[in-house]
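Have a look at the structure below before the remarks.
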């Protein structure tokens, strides 16, 4: 077999790593269906506003994510990619145990702490898993394996929503099991990762252990013809050393770096503040409000995750064919249109089954357009707008902004819904239109352009 194929050891390594992204998807989707049961648990044990506390349980996950992201970069560089993945998997087991035993212990604190810990686990995974996958994958398969991360997120999301239906675990007795099942991806990782290879790039360039790097590379490529790849890594390392390294304050200070940083930040904000997590976290509530029964609302929620999964598959070939800018504009424009139609449907569903169905359909199409571009492009775009020296700092700023905006949406949707009622999606619609205008005027197309060509645009 020639170097660059998908061998058994490579597929094993990628599968072990992307379980962390599946965990992220699962814990984003799983909180949706059991809202009523969790609020009852809070009311039975505590004299507090259950809706507000549920908002805290949802959003504390994102606070954990904000801590996990930078922690992952630090641990992966200090102790290696494999150690980082294994330590994070063990951490995920602890978070899942806290959530799973919260009801038996009548402890709201355990539920909130568990959700916070699993947030750290997921934030860590969103940095550590893509890094490891891109470093073990051969160059010609890197793009395809990169999208496996998005597919794992969508698969976890659908899994969480299916398990949340009433005949499975969407019940008063079932919800602690539903949250506690987050132990499975982490436990499987704990078993698999010790047998996965260390990143050959880390071994060669950080550990300076060329012999070990060659051994690992030979195993995962299924061939001993790896001299070209080793040489490419050395060349890249040499080029990196020649290039100046920039810190986060440098990105703000230097104009040719500040402009792409602002573009990247707005892309990340558009992913979250367009309201997608309002749908992912609260779709059951939204569907009940449009006149569906609780059972039908949970079934409709499975459609939300399924739509994301399908669009992740569809967007893979389109990414290089149509380009990032076109897909981002198409996605934001479609989301804006369908958030308006959702709002109209919310007003006309009463005694009108047809409009209830349309409300669900518009919501699914809104999610579909999110999957076209805004779901994956913000995560890719910063690495395409910056040269090697500034890329790491820029990507970490983007991830932090993304998780912070995620937190804001998770915390504010219930109060916003109480305040605005059927108009709840109007603020998101206004923001989507602003993001669309910004993207149209500011985002350059990066398709088929080298990093040098893209960075040159900002130096003019």
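A Cβ is built for glycine as well, from the same backbone N, Cα and C atoms used for every other residue.
Residues of the same chain lying 6 or more positions beyond the ends of the transmembrane segment (12-33) and with a Cβ under 8 Å from any Cβ of it are 57-58, 61, 85, 88-89, 92, 115, 118-119, 121-122, 124-126, 128-130, 132-133, 136-137, 145, 148-150, 152-161, 163-165, 170, 178-179, 181-182, 185-186, 188-189, 192-193, 195-197, 220, 277, 280-284, 298, 301, 305. Taken from TrEMBL, the feature transmembrane segment covers 12-33 (among others).
The domain 'Major facilitator superfamily (MFS) profile' annotation in TrEMBL covers 13-447.
Per TrEMBL, transmembrane segment is recorded for 53-76 (among others).
Beyond its flanks by at least six residues, the transmembrane segment (83-102) meets 16-17, 19-20, 23, 68, 72, 75-76, 108, 110-111, 113-121, 124-125, 128-129, 132, 176-177, 179-183, 185-187, 189-190, 193-194, 196 of its own chain at Cβ-Cβ distances under 8 Å. Residues annotated as transmembrane segment in TrEMBL: 83-102 (among others).
Per TrEMBL, the feature transmembrane segment maps to 108-127 (among others).
The transmembrane segment annotation in TrEMBL covers 148-169 (among others).
Using a Cβ-Cβ cut-off under 8 Å and counting only residues 6 or more beyond its ends in the same chain, the transmembrane segment (175-196) has close neighbours at 12-13, 15-17, 19-20, 22-23, 26-27, 30-31, 33-34, 37-38, 41, 82, 85-86, 89-93, 95-97, 99-104, 111, 114-115, 118, 121, 156, 160, 163-164, 169. Feature annotation from TrEMBL assigns transmembrane segment to 175-196 (among others).
According to TrEMBL, the transmembrane segment annotation covers 261-282 (among others). Under 8 Å from some Cβ of the transmembrane segment (261-282) lie the Cβ atoms of residues 28-29, 31-32, 35, 58, 157, 251-252, 304, 328, 332, 335, 339, 363, 366-367, 370, 374-375, 377-378, 381-382, 385, 394, 397-399, 401-402, 405-406, 408-410, 413-414, 417, 424-425, 428, 431-432, 435, 438-439, 442-443, all in the same chain and six or more residues away from its ends.
Sequence-distant contacts of the transmembrane segment (302-319), counting only residues of its own chain at least 6 positions beyond either end whose CB sits under 8 Å from a CB of the stretch, comprise 25, 29, 143-144, 147, 150-151, 153-155, 157-162, 165, 279-280, 283, 327, 360, 363-364, 367-368, 370-373, 375-376. Residues or ranges marked as transmembrane segment in TrEMBL: 302-319 (among others).
Residues of the same chain lying 6 or more positions beyond the ends of the transmembrane segment (326-349) and with a Cβ under 8 Å from any Cβ of it are 267, 270, 274-276, 289-291, 315, 318-319, 355-356, 358-359, 362-363, 365-366, 368-375, 377, 422-423, 425-426, 428-429, 432-433, 435-436, 439-440, 443, 445. According to TrEMBL, the transmembrane segment annotation covers 326-349 (among others).
The annotation transmembrane segment is assigned in TrEMBL to 355-381 (among others).
Among the features that TrEMBL reports, transmembrane segment is placed at 393-414 (among others).
For the transmembrane segment (420-441), same-chain residues at least 6 beyond its ends with a Cβ under 8 Å from one of its own Cβ atoms are 266-267, 269-270, 273-275, 278, 325, 328-329, 332-333, 335-336, 339-340, 342-343, 346-347, 413. Under the heading transmembrane segment, TrEMBL lists 420-441 (among others).
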*With a Cβ cut-off under 8 Å, give me the same-chain residues at least six positions beyond the ends of the transmembrane segment (108-127) that come close to it.*
20-21, 23-24, 27-28, 31, 38, 41-42, 45-46, 53, 56-57, 60-73, 75-76, 84, 88, 91-92, 94-102, 179, 182, 186, 396, 399, 403
_Same chain only, please: residues at least 6 beyond the ends of the transmembrane segment (393-414) with a C-beta under 8 Å from a C-beta of the stretch. Say none if there are none._
51-52, 54-56, 58-59, 61-63, 65-66, 69-70, 73, 123, 126-127, 246-248, 250-251, 257, 260-261, 264-265, 267-269, 271-273, 275, 277-278, 281-282, 378-379, 382-383, 385-386, 424
*Please indicate, using numbers and ranges, the residues of the same chain that are 6 or more beyond the transmembrane segment (53-76) and have a C-beta under 8 Å from a C-beta there.*
27-28, 31, 35, 38-39, 42, 46, 83-84, 87-88, 108, 111-112, 115-128, 131-132, 202, 281, 392, 396, 399-400, 403-404, 406-408, 410-415
*Restricting to the domain 'Major facilitator superfamily (MFS) profile' (13-447), report the mean pLDDT as a whole number.*
90
